[in-house]
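The domain 'Alcohol dehydrogenase-like N-terminal' annotation in TrEMBL covers 24-133. Annotation source TrEMBL lists Zn(2+) 1 binding site at CYS38, HIS63, GLU64. Taken from TrEMBL, the feature active site, charge relay system covers THR40, HIS43. What TrEMBL lists as Zn(2+) 2 binding site is CYS93, CYS96, CYS99, CYS107. Positions annotated as domain 'Alcohol dehydrogenase-like C-terminal' by TrEMBL: 174-300.
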Amino acid sequence: MKALVKDKAEPGLRLMDVPEPEVGPGDVLIKVLRTGICGTDLHIHAWDGWAQQAIRTPLVLGHEFVGEVVDTGRDVTDINLGDRVSGEGHLVCGKCRNCLAGRRHLCRATVGLGVGRDGAFAEYVVLLATNVWVHRVPVDLDVAAIFDPFGNAVHTALSFPLVGEDVLITGAGPIGLMAAAVARHAGARNVVITDVSEERLDLARKVGVSLALNVRDARISDGQRALGLREGFDVGLEMSGRAEALQDMIANMTHGGRIAMLGLPAQEFPVDWARIVTSMITLKGIYGREMFETWYAMSVLLEGGLDLAPVITGRYGYRDFETAFADAASGRGGKVILDWTA
Ligand SMILES: [Zn+2]
């Protein structure tokens, strides 16, 4: 089968023929229809410092996908041939304290699909049945392909109650945009989003934010004034991983404000801890999705009319992966999809 492979410890990817994966007793074999390109895939493509220490070659990339079940192992009972499925890309150990308690998203020995083992940028992927999410309600294929990052957005956005609250989101990449749509849908009063790309801020306006602020030429405090906020933001969702974004967020929170952080900083940086203490701010780190509570929430949010269409801006056949990766890495658009049937 064709697969997108990091075959050597150097920048770039190769589209090559690899053996089809074997199906174990608890596994599901999935014919991949569409995949989403994630920031993680860009790091692996570029072979940056993180990739060099995290990845062992050869590796089939990819963890955001939708596909169709074409085979199941003998122990799989509740998943059927022809089911349309996505997959939870965090494979958990099942043995640690959190796994045993049912808090699988807090597993301390997680292996990532397309990071620690072969992934979904291929014509077929095999996954443990316990990690397969069956789309019981029809979902647009492009949206189904990005359930993994959509789950990051939902997990982050629904970490704290949003109804009637003023929400600040730093970073209008695909996950920031989806979080903005969720916050809107969930009943936030104001949703303010920041970025440095006018294209991404335009996409944010399409998902219905109150204010999309370019922090190259405006300050978050200007945004607060424009919306008539007197006491600061109630909830912050940090999606950029950038020091100045978190520092600025902390400076603009109300007393008792709550911050959920999904953006992954590349290095350590100073934080005004005195402000955290005296403003009594809560900081929560987010990684992945709750299994499978977040997946349930995603499905019902879409059923309830949440619209993610503006977030998907690039569609390519898998043979055009170089163009697709360049599009995703540009920092200007939304989500980029690879079609594995074209
Ligand atoms: Zn575990």
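From the backbone N, Cα and C atoms, a Cβ is placed for every residue, glycine too.
Put plainly, the binding-site residues CYS38, CYS96 were compared by Cβ crowding within 10 Å, and the winner is CYS38. Ligand 1 lies under 6 Å from the Cβ of CYS93, CYS107, out of the recorded positions CYS38, THR40, HIS63, CYS93, CYS107. GLU64 (Zn(2+) 1 binding site) falls within a strand segment according to DSSP. Looking only at the domain 'Alcohol dehydrogenase-like C-terminal' (174-300), the predicted model's pLDDT averages out at 97. Taking H, G and I as helix, E and B as strand and the rest as coil, DSSP gives the domain 'Alcohol dehydrogenase-like C-terminal' (174-300) the counts 52 helix, 29 strand, 46 coil. Here the binding-site residues are CYS93, CYS99, CYS107; the one with the fewest Cβ atoms within 10 Å of its Cβ is CYS93. Nearest by CA distance to GLU64 (Zn(2+) 1 binding site), out of the recorded positions THR40, HIS43, CYS99, CYS107, is THR40.
Once Cβ contacts within 10 Å are tallied over all protein chains shown, the recorded positions HIS43, HIS63 are led by HIS63. Note: the Zn(2+) 1 site is recorded as CYS38, HIS63, GLU64; in the same chain, THR35, GLY36, ILE37, THR40, ASP41, GLY62, PHE65, GLY89, LEU113, GLY114, GLY119, ALA120, ASP148, PRO149 also have Cβ atoms within 8 Å of that site's Cβ centroid. Taking the mean position of the Cβ atoms of CYS93, CYS96, CYS99, CYS107 as the Zn(2+) 2 site, the remaining same-chain residues with a Cβ inside 8 Å of that point are VAL92, GLY94, LYS95, ARG97, ASN98, LEU100, ARG104, ARG108, ALA109, THR110.
Its own atom aside, the Cβ of GLU64 (Zn(2+) 1 binding site) has 30 Cβ atoms within 10 angstroms in the protein chains shown. Note: the Cα of CYS107 (Zn(2+) 2 binding site) and the Cα of THR40 (active site, charge relay system) are spaced 20 Å from each other.
Note: the CA-CA distance between THR40 (active site, charge relay system) and HIS63 (Zn(2+) 1 binding site) rounds to 9 Å.
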